[in-house]
Structures are given as structure tokens and as C-alpha cells.
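A.B. asks: The region 'Disordered' annotation in Swiss-Prot covers 1-45. Swiss-Prot lists 1-10 with the feature compositional bias 'Polar residues'. Here Swiss-Prot flags 11-20, 31-45 as compositional bias 'Basic residues'.
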Amino acid sequence: MSKRTFQPSNLKRKRSHGFRARMATAGGRKVLARRRAKGRARLSA
């Protein structure tokens, strides 16, 4: 049996995938731009 690897934490979620984390890097800003262009209702976690 393999262990359950997903241990949810909202703090870790926000820090790695949140809006401010995205805005902090050039690549992250490109991610947001792509999601805006696609018309996503939610841009980030």
C-alpha cells in the first residue's frame, strides 16, 4: 500500500499557487496572462 501523499494545507496552497506567488515571477505573470486570455473565472488558488 502506498501512503496518501496529499496532505491539504491552505497556507502551503496559497504560498505556492496563490496570486501573489504568481505575480512575484515573470513566469507566474505569464501563467496569469494565459488564464485571463482563456477567460478563467479563477486565475489562481
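In case you wondered, yes, glycine gets a Cβ from its N, Cα and C as well.
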A.B. asks: Going along the chain, which residues at least six beyond the ends of the compositional bias 'Basic residues' (31-45) come within the CB cut-off of under 8 Å?
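C.D. replies: Distal contacts: 13-14, 17-19, 21-23.
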A.B. asks: So what's near the compositional bias 'Basic residues' (11-20) in sequence-distant terms, Cβ-Cβ under 8 Å and 6+ beyond its ends?
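C.D. replies: For the compositional bias 'Basic residues' (11-20), the list is 32, 43-45.
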A.B. asks: Going along the chain, which residues at least six beyond the ends of the compositional bias 'Polar residues' (1-10) come within the CB cut-off of under 8 Å?
C.D. replies: none
